[in-house]
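Colleague: Not my notes, these are from Swiss-Prot:
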TRANSIT   1-53  transit peptide
TOPO_DOM  54-97  topological domain 'Mitochondrial matrix'
BINDING   S91, R95  ubiquinone binding site
TRANSMEM  98-118  transmembrane segment
TOPO_DOM  119-137  topological domain 'Mitochondrial intermembrane'
TRANSMEM  138-160  transmembrane segment
BINDING   H154  heme binding site
TOPO_DOM  161-174  topological domain 'Mitochondrial matrix'
TRANSMEM  175-195  transmembrane segment
Amino acid sequence: MKATIQRVTSVFGVPRASVFVPRISTPFILHNYISNGRMDLFSKEFHNGRVSKSDLWSSNKEEELLVSQRKKRPISPHLTVYEPEMSWYLSSLHRISGVLLALGFYAFTITLGVTTIMGMDTTFQDLNKWYHEKMPKWSQWVAKGSAAYLFAFHFGNGIRHLIWDMGYELTNRGVIKTGSIVLAGTLVLGTYLLAQ
């Protein structure tokens, strides 16, 4: 049985530290020879002098080179290596719109529930009256516009996801096309809801 040292390189051609690789055939023997990428110091061949200590690990220079190269590499996956795409923004906006719509829904229903439990008997008509009489006009437009456009976008992008689930428009061109349709539909439906 002959032990050899092989230079292992990464996919990108960056040299790695030399690693002890014995030429053996069974996994059991392999376990006796390798421990964490190094020669097992307790193996019989090591103590019988068949493998020299220099075969265990290469010089410290290679290890230092490896450490310095790793420090310079970006953490993977790193956003700076990718070009921004429409799908990123629409995916993020879909999640954000869902969270904001849910928060508005929960605030509304919790308000109705808590006031009913406290004996105030608040109804939808009471909240609607408060909205129109107590809230400033600009605040009404902001609330209604936010709800209208967020709902329109979330609704349209949900349909887009259903189309993808059926296996359609999964190419880059299809993703951009459906994203553009969703944005145009958001403008139309959101403006319609805001005008109501």
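Placed from the backbone N, Cα and C atoms, the Cβ positions cover glycine too.
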Colleague: Let me know how many other Cβ atoms fall within 10 Å of the Cβ of S91 (ubiquinone binding site).
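Modeller: So the number of other Cβ atoms within 10 Å of S91 (ubiquinone binding site) is 14.
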Colleague: Which residue among the binding-site residues R95, H154 has the fewest other Cβ atoms within 10 Å of its Cβ, if you could check?
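Modeller: Result for the binding-site residues R95, H154: minimum number of other Cβ atoms within 10 Å at R95.
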Colleague: By Cβ distance under 8 Å, which residues at least 6 away from the ends of the transmembrane segment (175-195) in the same chain are close to it?
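Modeller: Same-chain contacts beyond the flanks: 86-87, 90, 144-145, 147-149, 151-153, 155-157, 159-160, 163-164, 169.
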Colleague: Given S91 (ubiquinone binding site) and H154 (heme binding site), what distance in Å do their CA atoms have, once rounded to a whole number?
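Modeller: Just about 10 Å between their Cα atoms.
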Colleague: Could you give the number of helix, strand and coil residues in the topological domain 'Mitochondrial intermembrane' (119-137) as assigned by DSSP?
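Modeller: Tallied per class, the topological domain 'Mitochondrial intermembrane' (119-137) gives 12 helix, 0 strand, 7 coil.
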Colleague: To the nearest whole angstrom, state the Cα distance for the pair R95 (ubiquinone binding site) and H154 (heme binding site).
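Modeller: Taking the Cα atoms only, R95 (ubiquinone binding site) lies 8 Å from H154 (heme binding site).
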Colleague: Could you give me the DSSP helix, strand and coil counts for the topological domain 'Mitochondrial matrix' (54-97)?
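Modeller: Helix (H, G, I), strand (E, B), coil: 30 helix, 0 strand, 14 coil.
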Colleague: I need to check the long-range neighbours of the topological domain 'Mitochondrial intermembrane' (119-137): which residues 6 or more away from its ends have a CB within less than 8 Å of a CB in the stretch?
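Modeller: For the topological domain 'Mitochondrial intermembrane' (119-137), the sequence-distant neighbours (Cβ-Cβ under 8 Å, at least 6 residues beyond its ends) are 108, 111-112, 143.
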Colleague: Are there residues at least 6 beyond the ends of the topological domain 'Mitochondrial matrix' (161-174) whose Cβ is under 8 Å from a Cβ of it, and what are they?
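Modeller: Same-chain contacts beyond the flanks: none.
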Colleague: Using DSSP and three states only, what is the residue listed as 'heme binding site'?
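Modeller: Its secondary structure by DSSP: helix.
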